Amino acid sequence: MELKVGQAKRLEGTITVPGDKSISHRALLLGSLAHGETVIENFLQGKDCLATLRCLRQLGVKIEEEGEGRLRVEGRGLGNLQEPEEVLDAGNSGTTMRLLLGVLAGNPIFAVLTGDASLRRRPMDRVTLPLKLMGAEIWGRQEGKLAPLAIRGQRKLRPLEYTSPVASAQVKSAVLLAGLYAEGETSVTEPALSRDHTERMLGYFGVPVKREGLTVRLKGRALLQGRPVRVPGDFSAAAFFLAAAAILPEGRVTVREVGLNPTRTGFLEVLEAMGARLSVEVTGEWAGEPVGNVTVESSALRGVEIGGEIIPRLIDEIPVLTVVAACAAGKTVIRGAEELRYKESDRLATMAQELGRLGAKVEVLPDGLIIHGGYPLQGSRVQSHGDHRVAMAMAVAGLVAEGETIIEGAEAIDVSFPNFPTLLATLTEEARGK
Ligand SMILES: O=C(O)C1=C[C@@H](OP(=O)(O)O)[C@@H](O)[C@H](O)C1
Ligand SMILES: C=C(OP(=O)(O)O)C(=O)O
């Protein structure tokens, strides 16, 4: 599918965005392991979360769809998943495969997991290694590094004190979920704080997770109690519209009821440092997650240097941040972001290449990018590389490029934000009509 985006001067409006992807996955997973029912509202009906839903049904979990974004999950309790008859397909979703492996490690069943071509290239040893240390048996291509993977879980796992070499919420979550099946305390220490949705939701379901600095720990064999979960809007989806408002000559966007968990909102700190006008208002808490409204208005932007602990707090926003940087005066340097090479595409390479097609000046570093901002962009044909965030970032770039930008492979957007093209068209058309 192709997505065509024309240059726009104005983007204005108040919107909501679909439910958070990370929280939607976790609500399904924890709901499945809990006692009693979990009703999920504002569940993200993107392909990634639907892959988790399908896998859990294959594992015997009853999940009813009660209407738009409303699901009723009948929890099976810990260790009661059924052996699937068929291969479990995580599609394009790293979160599905890695978190599910953590859960399967503690169930005495055999399962095979696969995914699409992109997922079958992404490193799985970062979770299979600690899970094997806990007692799970896992096989896969390249010594268990790549999917398809086969796993045989154990009724009882060994607790683990794990120091992760990467700041990854998927690694942290896989080990914590497996830790639920271990007798004793399991801990994970990470090099920088990654998103903490698993810790928050475990607490909300009645399993306390203690944090000391960069270490989190939980006691295994605790009972999870099913709870209603209303999923906040996805900050990573909102970021595309916030970025567009910041870089267009006449931009002003408010996103309401969006998740404002500080482990996710590093992008706002960077926008502010670049000179963007923005305001944030926390209005409440949904299932242990802060929620509120964010407004960003157009303003003159300047380049910044980022790296270190902020990177995991804006990891999925870096593709669109490179677009903002291309529109800012001066140089932006992003370092310490090597993890982007292991996403749906190598996002350092793909963003540099595709933005380059529009005339942006981007240098690729081993662990980041240098963007020389301020060069005028020219519409062109670009590719998504099968990566939803690259597709949406390039659509935002298309708004400021002269002429028309055509994004090939735009169907990738369906994994996290199916109504993105419609919402973008609505906001720019409404603004044009004014
Ligand atoms: O745990 C999660 O829900 C996610 C964690 C991040 O990945 P890593 O854990 O690989 O950094 C992020 O990029 C991904 O979109 C979702
Ligand atoms: C990296 C992402 O997701 P996942 O790892 O779940 O495929 C993402 O959504 O940008």
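A Cβ is built for glycine as well, from the same backbone N, Cα and C atoms used for every other residue.
All TrEMBL annotations are machine predictions without curation.
Annotated features in TrEMBL:
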DOMAIN    7-422  domain 'Enolpyruvate transferase'
BINDING   Lys21, Gly94, Arg122, Gln170, Arg347, Arg389  phosphoenolpyruvate binding site
BINDING   Lys21, Ser22, Arg26, Ser168, Gln170, Asp316, Lys343  3-phosphoshikimate binding site
ACT_SITE  Asp316  active site, proton acceptor
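Shown in sequence order, Leu44, Gly46, Asp48, Cys49, Thr95, Asp234, Ser236, Ala237, Ser416 are the residues of the chain, 6+ apart in sequence, with a C-beta less than 8 angstroms from the C-beta of Lys21 (phosphoenolpyruvate binding site). For Gly94 (phosphoenolpyruvate binding site), the nearest neighbour among the listed binding-site residues (Ser168, Asp316, Lys343), judged by C-alpha distance, is Lys343.
Of the listed binding-site residues, namely Ser168, Lys343, the sparsest CB environment within 10 A is found at Lys343. Residues Gly94, Arg389, taken from the binding-site residues Gly94, Arg347, Arg389, are distinguished by a CB atom under 6 angstroms from ligand 2. Screening the binding-site residues Arg26, Arg122, Arg347, Arg389 for a C-beta under 6 A from any atom of ligand 1 leaves none. The binding-site residues in question are Ser22, Gln170, and the one with the fewest Cβ neighbours inside 10 Å is Gln170. The binding-site residues shown are Arg122, Gln170, Arg347, Arg389; of these, the one with its CA atom nearest the CA of Arg26 (3-phosphoshikimate binding site) is Gln170.
Mapped onto three states, the DSSP output places Ser22 (3-phosphoshikimate binding site) in helix. Within the set Lys21, Ser22, Arg26, Ser168, Gln170, Asp316, Lys343 that the record links to 3-phosphoshikimate, no two Cα atoms are more than 19 Å apart, and one pair reaches that distance. Separating the Cα atoms of Arg122 (phosphoenolpyruvate binding site) and Ser22 (3-phosphoshikimate binding site) is a whole-number distance of 18 Å. Put simply, Arg389 (phosphoenolpyruvate binding site) is 18 Å from Ser168 (3-phosphoshikimate binding site) when counted between their Cα atoms.
With respect to Gln170 (phosphoenolpyruvate binding site), the closest of these binding-site residues in Cα terms is Ser22, chosen from Ser22, Asp316, Lys343.
Ranking the binding-site residues Gly94, Arg122, Asp316, Arg389 by how many other Cβ atoms lie within 10 angstroms of each Cβ puts Arg122 at the bottom. On its own chain, Arg347 (phosphoenolpyruvate binding site) has Ile318, Pro319, Leu340, Arg341, Asp387, Arg389, Val390 as residues at least 6 apart in sequence with a Cβ closer than 8 Å to its own Cβ. Confidence across the domain 'Enolpyruvate transferase' (7-422), taken as the mean pLDDT and rounded to a whole number, stands at 98.
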